[in-house]
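Worksheet for the structure shown next.
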């Protein structure tokens, strides 16, 4: 018994300290560990992350099953996840549903188009008023300084909910960036991650403050040369860099975005002098002691024009270098001193910008001239300050307080209406191929009495000197002689202010000649005019000289000596406007301004050239920077002889008609 007792207590102790088996435990519920949060596409991007999020859309009036409009609201996001600051960000959004953009927060359309704007073919946005996106390294990860969120509201057509009208593409258009094809993250979101082009060396130092200046056909500098708390003085410099670009009677316009107004100007003037909008606006509440009668303009979008030469030395209005030339800006090849135009403005600011360093240039710049190419201008870009000679005469340079550059380039839209046209003629054909019907457009009132679609009719040489409205009898008689069927109604005129006749005057064994005549049918004179002609290379190889024009070969658009550049000789560089005929018997006929010269070509280097065909006629004609519309036809030769022999009776018939039109 004494031996069994310790064994009993030992077994009891073993059962007491041994835990029960799994089968003896009550059942437990296993809780799985939470899944990791999905990684955002932006977190995987080490460059510039772009996203386009469609928020909502709804049907809007009117009801139209063929072209139903819908409202859309979207958000465009630009996030800098890279190692360098993104200056002056530019993002292309490939709208594709005939969108009309109504509003965009914290951004502007780069080409200066005002809202609402047609953006159905895509558009480029730029940040405003904040245009630079800093890095996480610079800001310790402050997303407010790294991100731009643009809320877009507009109208699109024919994409009904629940379908989503996403753009075809989004991409960063800043130079040196590569963007892959966007990825559809969901039915409503499009994203892409843009990275630096490895072939471009970039200065990634944190101290880089301004972008380098960019080339363009025309550049505008906005230099703040004096800065005060409530106003500043700026110098605006327009410079032409295109050898075939120019401006006549330029008009410059822009938008003040912060209620600024122009107090004074020198070297230029607004087309409307009016301070009414200041008196009845917020400016009068701030500038209570200011006499607004001395303010030049309070227009939100003023139009600025150049001054006449008589104001050049005016101490109040002029006295600015490179001002006061009636708005003429020439190519450098003609006169470098006249390729620049300058004026100054004293700009009054509004709160909260009452600080010397609070400087904001106007936006949406546009510049145009009369019978000149169209320019598309980008937004102001902050660049390195401009240096200019010290006005005190000291041998030093002064720096502007701040400088912005606006780059403008010549554009040629498919729907653009030309402003000048060309007619063809040749020694081997007695008919003139006139400018095309409605070459420079036709107004709706004119279309009621003539045909805008019917090709223009051949005309006799005499008719080339007459305005279109005085050519009718001559044209009818001439086409009757040629046994041509006359259309009804007759074709409309070309409606061009300037026309150029290209006449092949001769073609012989050693060379050939062309006579060029420039006609000014408008009401504006053209001082310092120029004409540029581009032809096929074989013809240009034979160019020798022009007799009454100053002519030379010019290399443009990457070519070598591919353009004949012509201007008037001293005393012959003024193309006057159309004027009344001095002969009282012809008082109903207007006489165009006219300049003419013969151009000599050699066949020494081009023995196989066929000048009677396309080789002897231009591929492009440019007058004062504006490309002129060429005819659809070329003069035709008949058996190598002049075409269309005329009998004595035909001569009598024709000149009777010609005499009648002059009565």
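Cβ from N, Cα, C; glycine included.
Annotated signal peptide per Swiss-Prot: 1-23, in sequence order, evidence recorded as sequence analysis. According to Swiss-Prot, the feature N-linked glycosylation site maps to 63, 111, 121, 169, 203, 326, 355, 397, 409, 429, 470, 561 (among others), an assignment based on sequence analysis. The GPI-anchor amidated serine annotation in Swiss-Prot covers 638, and the record cites sequence analysis as its basis.
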Since the record lists 121, 326, 409, 470, 561 as glycosylation sites, which of them has the fewest other Cβ atoms within 10 Å of its Cβ? 121
Between the glycosylation sites 111, 169, 355, where is the Cβ count within 10 Å the lowest? 355
I need the nearest neighbour of residue 111 (N-linked glycosylation site) among the glycosylation sites 326, 355, 397, using C-alpha distances. 326
Identify which of the glycosylation sites 397, 429 has its Cβ surrounded by the largest number of other Cβ atoms within 10 Å, counting every protein chain shown. 429
Please list, in sequence order, the residues in the chain of residue 63 (N-linked glycosylation site) that are at least six apart in sequence and whose C-beta is under 8 Å away from its C-beta. none
Where does residue 169 (N-linked glycosylation site) sit by DSSP, helix, strand or coil? coil
Work out how many Å separate residue 397 (N-linked glycosylation site) and residue 470 (N-linked glycosylation site) at their Cα atoms, rounded off. 61
